[in-house]
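Trainee: Okay, so Swiss-Prot annotates it like this:
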type: BINDING; residues: Gln83, Gly101, Glu102, Gly103, Lys104, Thr105, Asp490; note: ATP binding site
Amino acid sequence: MAGFDWFWKALGGKSGRNQKRSVAIVNQVENHAAELDALDDVALAQRAKDLASGGRIDNHAEFLAILGVASQRTLGLKPYPVQSQAVLRLIEGDVVHMATGEGKTLVGAMAATGLGLMGKRVHSITVNDYLAVRDAEWMRPLVEFFGLSVASISEKMDAGERRQAYKAAIVYGPVNEIGFDVLRDQLITRREDAVQHGADVAIIDEADSVLVDEALVPLVLAGNQPGHAPRGKITDVVRSLKENDDYTIDDDRRNVFLTDKGAAKLEQQLGISSLYDDEHVGSTLVQVNLALHAQALLIRDIHYIVRDSKVLLIDASRGRVADLQRWPDGLQAAVEAKEGLAVSEGGKILDTITLQALIGRYPMACGMTGTAVEATDQLRTFYDLHVSVIERNHPLKRFDEADRIYATMAEKNRAIIDEIALLHSTGQPVLVGTHDVAESEELATALRELNIEVSVLNAKNDAEEAQIIAEAGDIGRVTVSTQMAGRGTDIRLGGADEADYDEVVKLGGLAVIGTARHRSQRLDNQLRGRAGRQGDPGLSLFFVSLDDDVVVSGGSGESVSAQPDATGLIDSDRIRDWVGHCQRVTEGQLLEIHSQSWNYNKLLADQRVIIDERRERLLDTALAWEELAQHAPARAAELEDLDQSVREQAARDIMLYHLDYNWSEHLALMDDVRESIHLRAIARETPLDEYHRIAVREFKDLAQRAVDDAVSTFKSVTIDHEGAHLDDEGLARPSATWTYMVSDNPLAGSGNSVISGIGNIFR
């Protein structure tokens, strides 16, 4: 803990003071053990309820002791003092920094149970379906011991199953599914159709992944409507273009530009006079740019894979296949056309919410991760969350070797293979962390050519990968994994049953090898943390080349001289420091992008709150009828013979349709504004100021337009005992909707537009 003293001082000491108080409370827990052990289950549960009555805990030490005794009785797990400390910090609203293997699952369940006993509804948020279902079932005996209900949400559940699950006091669910349910509930016109019940607290597992890495990933609800898919001929013509002759790609390979020669070739083969004529700018040129981006910049097995005749994106922050993600605005269809697959239907975005805004809906949020300290600035700046560092139950014995730096990528890759082969020859288990699917497959192929058996995890199946990663610590195992594969599953030395534990300890424990530095040190530390759990020995080692993305990007514009040996190895502290500098530069770039993006997103998030409140009132009261009757009294008088409930629901359907439609149009408009804000900003205002001015003006117009449109429809639509016949007026809601996550696009440039190279003509 002493190593973090400077850190707590930098934060003004608040977290440090909380830590001292928490430790003092935990030190008293054991004083209650004898008395509580003598109580039967009913009396023990009642004691906890009494302590938490009124929404606050009267005696934290005794309360933690009760949770601990109940855990031992129901799960056979006695929490360590450091786990009880983490429970207390969660209950008080912190993000706790707990190393891998220190028992976060039990900590989260104890905290959720404690908050549930205080009368709060809790969502325990995970990163995937598998962990949500696993943790809910594993921790169920503890939660139900106190008379609380627990359930889980998963992708395959229908609306009825979800509705029932959300009634539980504690709900485990993947963050994307919870967000999608929020969006779907924003389209209901009858309260009983909602699936969610409001929750008071979000406990977020892998908090840095959700709150930082994926914070600005939009969750999208779309309805059926044709989109901007490139025509087949355009795809064929673009495929014939040659790099450098017909188009150029910028140095960081994020943007592609047609040359005059390329434009002329396209115009000739498409039979048009100019791509840049008004009639083609908003249609043909958009489709050409989409096809060109798909062809030149998006690489199979790096940015996406093709499986079962479908394009599946690879999530850059997790290094995993993301079944639910799509690229926006026709790029998905462009890649499908490039691969010769059936082009998926376009759609109109009905609603969208970022994960950051989703978490902001909870009155209280807290979380757990093994790399919270590195994300302290973001957690404090964007969520006002404090980090509490929880000491390890056993001292760390892992050895973190200095980076091995090579001049070229090829030399680095040869060294990685040699090192894995050397470690494997001793029987020491090896876990290799790669950055993408293609790299992991290439590495596995090279190792198999040396007759080394390899397990490859590309995060395609969460349950299967959990079983494989659980065995990664066994003798002689070599496991190659993308960044996030298998998180949430412990790697125990000697295999899942620890049968060969002693022998693996003698070999030095699990060796973790990183094939390159990540864009932030926090991601490196996530990989390092797989070794050395619970005081086990272990090794971590990263290989770096001067050609690696983080070095090229972070060191752009700088030059460095180095003298490699015959193998390409550069053994220089100066170069290691420079690589660290490059990584810090990329971290700063990411933080700046996050900050800029949040400044744009926050106003829309605030406007969403107003829309949500308006929607709630329209759903739950007679406000819709009252307003329409006030604006169109003659029409209201014509409907007096109808049953009151029919009249009110008809008015509700009308008002909600136009509110939802205009909100959807507002989102689309503001997306357009943001894409071209650098052109629309006037000289005396910053782009952000101009964006806010437009957003406020347009939102005011939205509010009035939604009412005016509703009044117009109210006057003209047929309303009878069956309600308002909106379909007859062409006002039907989409017949089909679907949800997806907009990818953290690999092509997003410094302006953070989704496809910055297409620019303001994109739409």
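Cβ atoms here come from the backbone N, Cα and C positions, even for glycine.
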Trainee: Based on the record's binding annotation for ATP (Gln83, Gly101, Glu102, Gly103, Lys104, Thr105, Asp490), what whole-number value in Å is the widest Cα to Cα distance?
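Mentor: Between the most distant Cα atoms of the ATP site, 16 Å.
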Trainee: Write out, in the order they occur in the sequence, the residues of the chain not among Gln83, Gly101, Glu102, Gly103, Lys104, Thr105, Asp490 that have a C-beta within 8 Å of the mean position of the C-beta atoms of the recorded ATP site.
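Mentor: Other same-chain residues with Cβ inside the cutoff are Met98, Thr100, Leu106, Val107.
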Trainee: I want to verify one value. Collapsing DSSP to three states, which class is Gly101 (ATP binding site)?
Mentor: coil
Trainee: If you count other Cβ atoms within 10 Å of each one's Cβ, which of the binding-site residues Gln83, Thr105 has the most?
Mentor: Gln83
Trainee: Which ones in the same chain are close to Gly101 (ATP binding site), with CB under 8 Å and 6+ residues apart in sequence?
Mentor: Asp490, Ile491, Arg533, Gln534
Trainee: Test of understanding: give the count of other CB atoms lying within 10 angstroms of the CB of Asp490 (ATP binding site).
Mentor: 19
Trainee: Once near-sequence residues are set aside, which residues in the chain of Lys104 (ATP binding site), 6 or more away, have Cβ atoms under 8 Å from its Cβ?
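Mentor: Listed in sequence order: Ala86, Met98, Asp205, Met368.
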Trainee: For Glu102 (ATP binding site), what residues in its own chain, 6 or more apart in sequence, show a Cβ-Cβ distance under 8 Å?
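Mentor: Looking at Cβ-Cβ distances below 8 Å from Glu102 (ATP binding site), excluding near sequence neighbours, one finds Tyr80, Val82, Gln83, Ile390, Arg392, Asn393, Arg533, Gln534.
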Trainee: Could you list the residues of the same chain, at least six apart in sequence, whose Cβ is under 8 A from the Cβ of Gly103 (ATP binding site)?
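Mentor: Those within reach of Gly103 (ATP binding site), by Cβ under 8 Å and sequence separation of 6 or more, are Leu77, Pro79, Tyr80, Gln83, Asn393.
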Trainee: If H, G and I count as helix, E and B as strand, and all else as coil, what does DSSP give for Asp490 (ATP binding site)?
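Mentor: Its secondary structure by DSSP: coil.
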Trainee: What three-state class does DSSP give Gln83 (ATP binding site)?
Mentor: helix
